[in-house]
Amino acid sequence: MFCLTSVTTRLGHGSSANGNDNKKFKGDRPPCSPSRVLHLRKIPCDVTEAEVISLGLPFGKVTNLLMLKGKSQAFLEMASEEAAVTMVNYYTPVTPHLRSQPVYIQYSNHRELKTDNLPNQARAQAALQAVSAVQSGNLALPGAPSSEGTVLPGQSPVLRIIIENLFYPVTLEVLHQIFSKFGTVLKIITFTKNNQFQALLQFADPVNAHYAKVALDGQNIYNACCTLRIDFSKLTSLNVKYNNDKSRDFTRLDLPTGDGQPSLEPPMAAAFGAPGIISSPYAGAAGFAPAIGFPQAAGLSVPAVPGALGPLTLTSSAVAGRMAIPGASGIPGNSVLLVTNLNPDLITPHGLFILFGVYGDVHRVKIMFNKKENALVQMADANQAQLAMNHLSGQRLYGKVLRATLSKHQAVQLPREGQEDQGLTKDFSNSPLHRFKKPGSKNFQNIFPPSATLHLSNIPPSVTMDDLKNLFTEAGCSVKAFKFFQKDRKMALIQLGSVEEAIQALIELHNHDLGENHHLRVSFSKSTI
C-alpha cells in the first residue's frame, strides 16, 4: 500500500504513482489513513468509466471519478469515508476484477477529488449521472459491451442460473468464486426447483451480469458435467434474510444464519471428503477430478476437456464453505488474525479481547514480545475472524490506523512454563464476557460497524443520565448527546465526538461496575441520536 503525495491537478504523476513499479507496493511505505478517495491500479486500458464506478456502487454513492488510462490508474471518490472503508475491507480478501483482470484498490491521501478544471472529465461526469439513473432502474449504462448484444434499458443485474448434469455438488462459494471474476457479486440465493439445482445471483451492475452471461452460459464448471444455463431474472434485486450455505448477502455480514443449519449438509460434506483437501476432493474419482477453472484473459480459452472452465483452483475455504467471504487471503478457514500498527504504549491483551469480542468470541490474544505494535487474536471460528477483520481493519485506535489480516498461524500458543512473557499472552477461552456463547444469542443480530454512537445496557435504576455522561467524560470522551430508551430505562444511546473515541470508550467501559451488581454492557449502535 502506498500514499500519493502529488497535488490533485497532477494526480498520478511522479514515481510514487507508477503503476508498473511493483517494488514500491510491497509495504515499504506507511499505509494511508482511510479517505473517501480511493486509488485504483492496474485497470485494463479498454475499461469504461461505468465499469470502474460499478466497483464502488454496492458500498454507497460514488461522487467523483478521475481516469488516468495512460497509467492504467483511476481515482474514485465515495460520498463518505465509511463507504470507502467498507469497500477497501471487502476487496482486501476478494480482489476485484475488471474485464477478467485483477484490480488493486487502496486509500489515496487526497481527501476529495478536485477535477473541475481538468480536461476529459465530461465522460466521467456523464457516467456518474447515468449510474444514478440506472440505480433508479430506467437507463442502460454507457460503454456497455456492443458485441453479442448490448445491455437493454432496465436490464436486471440479477442472473438466474440452472445447473444441469449435477454430477458434483455446487456450493454457493463455488458460484461466488466463478462469477466474481466479472464484477462485484452482492447476493446469492440457491434452491432446488423441479428437481434442478438453481441459483439467483445479483451483481452490483447490469453490465457485470451481461458479461458473465455472455462468457459463462453453456460452460461446464467441472469436466463434462455441471453445465451452467444462464438467463436474466425478472427480479431486479434479491432480498436475503439469512447468511448460510443456501443464501448470502455479501454486503450484510450481520445477518443471522436462520435455523442454525451447518455450513454444509452431511451428504455434501461427505462428497467433498475432508475439508481443506482441494487437489482431489472427490475420493475414488481421482481420474475424474474437476478442472474447476477460469480464464484470466477475456474470451474463454479451450481447456483439455472441451467445455470445462480453465485452470483456476478453488480455495479450500470454498470447499469447507465456512468463510464469510470466500477467497480470503491467508489460510482458508483460519480463525487467527494478525493485527498490526497498534499503539504499543496503550494496547493490552484485555483491550484487544474487549474490542474484537464485539464481533465474535476471542479465545486468546498475544502481543508480540519483540514488536509490541503487532498482535495475534484467535477467534472462535473463521467466520468471526472474517467479521472482525472486515469491521475493524482501517479503524483508528489510540491515534493509529489498525490493520487486521488473516494470520498464517492456526492457533495462538501459550508461553511454556518459566518462559518470559510479561503478561503479553492471555487465554480468554473461559471468560464470562463472551457475547456469542449462547446459540441463537440476540447479540448475533446486533453486530454493527464501529460508530460514534454507543448502545448501553444493563443500567441499574439508580444510575442517572449525568452519572453516565460523567463516566464517559472522565474516560476522556466528549459527550455530544444522550438518551434513555423510552420503553426500557435499562438501555440508552450515547453519542461521542468521533468513532475513535467510541472505540476507546467501549474498550475501557464495557463491563464497568455500576453498582447494585450491574455491569455496564457497551456495543456499537446503528442508530444516531
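Using the three backbone atoms N, Cα and C, a Cβ is placed for every residue, glycine included.
In TrEMBL, annotation is done automatically, which means it is predicted and not curated.
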Item to check | Given ranges 13-33, 412-432, the stretch to which TrEMBL attaches the annotation region 'Disordered' | outcome: 412-432
Checklist entry - Taking the domain 'RRM' (452-527) alone, what is its mean pLDDT? => result 95
Checklist entry - Which residue counts does DSSP give the domain 'RRM' (335-409) for helix, strand and coil? => result 19 helix, 24 strand, 32 coil
Checklist entry - How do the residues of the region 'Disordered' (412-432) split into helix, strand and coil according to DSSP? => result 0 helix, 3 strand, 18 coil
